[in-house]
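Undergrad: Before anything else, here's the structure in question.
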C-alpha cells in the first residue's frame, strides 16, 4: 500500500515500443472493496489517464512445504468447505473456490547445460496469479515438495505448469509444460503428467508429478460463466506463421463445408432427389409449422444435447486427431532483413506482415467460434453442456407460460437500466461469454493428457527449446 507508478507505452507496426509518459497515484488513500474512478494527469505531456481502481484483499494465495498443507488439516478443510457450500452461494459471488496444488517432483528432464544437467524450477500460472518453486541445481530429477494455494475466480481457468532451467542473468531455458483445466482435476490423487512442448501439442522430455485438490461452489461457478472472462495481463504475442495460417484455413474450411453440406441436404429435400427423404421432410415441415410455438426453439436445441449425450462418442476422438496437425511451429522471420534494404521497402514488408497477421487472427476467431458451438453440443465439457441444458429447459418453460412481449420488455428494461444501476459495469454478451469458456478443437489437443508411453518421442535439441 503506497504510491503506484504507472507508465504509458506505445507500440508501432514494427514491434518497436516507446515509453510515452508516466503518472502516479497514492492507493493507500483509496477505500477498500470500492470502485474508484480516477483521472490522472500525465507528468510531462498533455492528456490524462482514466482508470477504475478497486482495492480487494487477496485471500488464498500461499506457498508452503508439504508438512504445512492447508487442506490436510481436517478442521481447516471443513471450514473452507463450509465457505463454499451451497448455502453460501450468494455471498461474495466472485470468490468461486480454492485450488491446492502439490508440486512433488519431475523425472528425466532435458539436460539444458553443457555439463549434462539442469537447474530446474517450476512456474505455476492460474489466470493472472503466478507462483514458482525454488531452483534445484544440477539435477534432472528434482524434488520440490511444495504446496501452492490459489483462489479461484473462474472455474473454467486452466492451470499452466511450466518447468524452466535457471540460466543466471539470461532468460531461463524451457524444459516442458502442461495445461490442466480445473474441471478435469481429480481430487487428492497424485498424477503423473507428460511434459509437452511450448505449443502444448507434442510430448517433450520428462514427466512431472502433481497432486491437486479443488473445492468450489457450483452456483457461483455457473453465475461466473455468463460474465466477461478476465483478460491475461501477460500473454504470448502471436507471431505470423505459415503453418498456423494453413491450420486456421483448414479449420474454417471444415466448418464451411459442414454448413454447405447442410444447405445441400435441404436443397435435395426440395428437389425430391430421394422420394422417401423428401416425403418425410415435407410431412415434418407441415406438422412443425402447423403446431409451431416459440418455446419449441429452445426445446429443439435441448433435444440436440440429449441426442449427443445418448449416442456413442465416436466423433470426439477423430476431431482431436484432425486438430493435431502442424505441431512444430518455427519462427522464420527477420532472417531476410539486410541493412542495405531501403526503409520504404521494410515499411511495406511490415505492413503486409500486419495484414496477414490480422487475417490469421480473424481466421482463428472464426474457426474457434464454430468449434466452440460444436463442442458445446458434443458434451466436450459436461459442466458447460449441463448448464446449457438447464438454461434451455428454463427458456422452454418460460416461453410456454409467459408471452413473448413480457420477456422482451424485461430484457429491454434490464439493458436500458444496467448503466444506471451500476455505472462501472462492463457491457457484455452472456452467450459469447459462455462460449468463450468452451474449448476449441486446438485447445482440446492442448489440454489433453498424454499417456506416459507416448512420451518417448524424438528428443529435440536445445536450440528448439529456447
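Numbers run from 1 along the shown chain.
Placed from the backbone N, Cα and C atoms, the Cβ positions cover glycine too.
Automated prediction, rather than curation, is the source of TrEMBL annotations.
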Undergrad: In TrEMBL, which of 337-358, 359-380, 381-402 is tagged transmembrane segment?
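TA: Transmembrane segment, as annotated by TrEMBL, spans 381-402.
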Undergrad: Could you give me the DSSP helix, strand and coil counts for the domain 'C2' (74-195)?
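TA: Split into helix, strand and coil, the domain 'C2' (74-195) gives 16 helix, 55 strand, 51 coil.
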Undergrad: Mind checking which residues of the chain, 6+ beyond the ends of the transmembrane segment (381-402), have their Cβ under 8 Å from one of its Cβ atoms?
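TA: Same-chain residues near the transmembrane segment (381-402) but 6 or more away: 155-156, 181, 183, 221-222, 225, 293-299, 301-302, 305-306, 309, 375, 434, 437-439.
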